[in-house]
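Participant: Straight out of Swiss-Prot:
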- 13-21: region 'Homomultimerization' (REGION)
- 29-45: motif 'Nuclear localization signal and RNA-binding (RRE)' (MOTIF)
- 70-82: motif 'Nuclear export signal' (MOTIF)
């Protein structure tokens, strides 16, 4: 499925968010490194949740638009009145 301009923009936004949270440096005591990794993991979890919300909101919008289009298409359909079947006598 080719990506549209809106999807590319969302992916660039998500990539930008991930780029701004680099892995912590290997400096400091073991406790400092452990705390830095813990804070980094927490930030990564928040970024993943945010990215998921951003992406799924777009998917939900597309789904709502598709459903609306189906409803409009169905409104144009008309049921034809069929004649009564012949009776066998």
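Glycine too: its Cβ is placed from the backbone N, Cα and C atoms.
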Participant: Kindly state the mean pLDDT of the motif 'Nuclear export signal' (70-82) in the predicted structure.
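Facilitator: Mean model confidence (pLDDT) across the motif 'Nuclear export signal' (70-82) is 71.
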Participant: Would you mind splitting the motif 'Nuclear localization signal and RNA-binding (RRE)' (29-45) into helix, strand and coil residue counts from DSSP?
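Facilitator: Grouping H, G, I as helix and E, B as strand yields 16 helix, 0 strand, 1 coil.
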